[in-house]
Structure formats: structure tokens, C-alpha cells
Amino acid sequence: MKQLEELLSTSFDIQFNDLTLLETAFTHTSYANEHRLLNVSHNERLEFLGDAVLQLIISEYLFAKYPKKTEGDMSKLRSMIVREESLAGFSRFCSFDAYIKLGKGEEKSGGRRRDTILGDLFEAFLGALLLDKGIDAVRRFLKQVMIPQVEKGNFERVRDYKTCLQEFLQTKGDVAIDYQVISEKGPAHAKQFEVSIVVNGAVLSKGLGKSKKLAEQDAAKNALAQLSEV
């Protein structure tokens with residue numbers, strides 16, 4: 001934890017008062033499960049809080065930045081900015097991936113590189129920062145880390161995989177595309193959806209996500225990857 005404290009202080013001018021919050025933010029459920037007897041806390045609740053404050057701050061930014069954009073346009077752009085892949089990228093940019101505590105099995109299976117885990121970690125850190133320093137500290141951190149990328153327009157070029165897949169399949173003729181929810185697991189604040197894409201009655205691909213929409217996008221992305229190999 002000492003190295004993480006030094007990283008936050010030197011890179012982002014952040015010094016936590018409650019180090020327990022910081023440690024919890026960087027503790028994955030797999031680690032907590034392996035240390036149940038020690039009553040170790042994990043970061044899912046902080047992730048829930050961080051997701052909410054991130055949505056609020058990015059919404060405020062977009063509302064002020066784009067006075068002529070419609071609600072629908074701003075919602076799309078916000079979704080691009082806070083999508084799992086983006087948040088995982090910011091975790092890596094901040095070197096957070098080096099400090100998360102994972103269970104042995106999760107570590108061996110490549111969890112430290114997994115977008116889902118790193119995206120959740122970024123949100124959990126925001127939740128911990130909110131509780132320790134307040135919302136203005138979260139705003140300052142996001143202005144330093146995320147907003148410059150938004151200003152460059154990097155997120156406006158993110159692909160809508162569902163639209164790309166539909167356009168690709170339409171070039172092959174008349175096709176019927178159906179997105180079907182296979183499973184829905186986890187508590188209300190940490191859902192995990194699995195979705196399949198059925199094309200003309202046959203399963204083309206599957207995807208995972210924290211919402212139906214994210215799972216559909218993941219399934220479409222996987223389908224495009226498969227089709228590019230054919």
C-alpha cells in the first residue's frame with residue numbers, strides 16, 4: 001500500500017486520510033473470498049458509488065460542453081466515455097493494475113489484465129476518493145485523467161458494434177438478428193448479463209456485460225471478430 005500511496009501523491013497530488021477506504025477499493029472479491037476468516041472487505045460497494053459519481057460528473061461536463069446536443073446525443077457520448085474498455089484503460093494509465101489485490105485463481109487466469117476487473121477498480125477508486133475527500137476531489141482527478149481525452153474527441157470515434165454488425169450482415173442479404181439474454185447473475189448493484197446473438201435461427205456469438213446493452217455490444221464485437229476470420 002505504501003507504493004500506491006506514493007503513486008497517488010506524486011502523480012495526482014492525492015493523500016488519503018482513511019487508508020482503509022483505499023485498501024478496500026483495491027481489493028477484488030476473489031481476494032476477499034480467499035481471506036474470509038480475516039473478514040477482508042472488497043470493492044463492490046465502492047464500485048457502485050464510484051459509478052454513480054462518475055456518471056454525474058461526466059453528465060455535468062457534457063451538459064456544459066455541448067449546449068446544442070440533444071439528451072440522446074449526450075447519453076450516447078457519456079456511454080462511450082464510461083464504457084468498460086475506457087475505464088480499464090484509465091486504470092492502466094494510472095498504473096492501478098499493478099496494485100489490485102486478486103485471489104490466486106483470478107491472478108493465474110489473467111485477472112490483472114481483464115477489462116471488467118480494471119474498469120470496476122477505477123470506479124471503486126472514485127467511490128473511495130468521494131468518501132475520503134469529497135466530490136470536488138473526484139472532479140479534479142477526472143479533469144486531470146479523463147477530460148483531456150474527451151477534449152481530444154477520442155471517445156466520439158468509438159465504434160457502435162451493434163450497428164457495425166447489422167450493416168455488415170445486411171450486405172450478405174436478408175437476415176434476422178435477435179439478441180437474447182442467456183443469464184442474469186449477481187446482486188442488483190453488480191449484475192452480470194450474458195447475451196447471445198441469433199442470426200436466422202443460429203447462435204452467432206455471445207457476450208458479457210454489466211447491463212444488457214453492454215452485453216449486446218460485447219456479443220456484437222465478438223461476432224465481428226469471428227466474421228473477420230471467415
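Including glycine, each Cβ sits where the backbone N, Cα and C put it.
Record features (Swiss-Prot):
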ACT_SITE  Asp51  active site
ACT_SITE  Glu123  active site
BINDING   Glu47, Asp120, Glu123  Mg(2+) binding site
DOMAIN    1-134  domain 'RNase III'
DOMAIN    160-229  domain 'DRBM'
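Shown here: features listed in Swiss-Prot, placed on the structure.
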{"residue": "Glu47", "record": "Mg(2+) binding site", "Cβ within 10 Å": "24"}
{"residue": "Asp51", "record": "active site", "Cβ within 10 Å": "22"}
{"residue": "Asp120", "record": "Mg(2+) binding site", "Cβ within 10 Å": "28"}
{"residue": "Glu123", "record": "active site", "Cβ within 10 Å": "26"}
With the Mg(2+) site defined by Glu47, Asp120, Glu123, which remaining residues of that chain have Cβ atoms positioned within 8 Å of the Cβ centroid?
Asn43, Glu44, Leu46, Phe48, Gly50, Asp51, Leu87, Gly119, Leu121, Phe122, Ala124, Gly127
What Cα-Cα separation, expressed in whole Å, is found between Glu47 (Mg(2+) binding site) and Glu123 (active site)?
5
Take the C-alpha atoms of Asp51 (active site) and Asp120 (Mg(2+) binding site) and report the distance between them in angstrom, rounded.
9
DSSP-derived helix, strand and coil totals, residue by residue, for the domain 'RNase III' (1-134):
100 helix, 2 strand, 32 coil
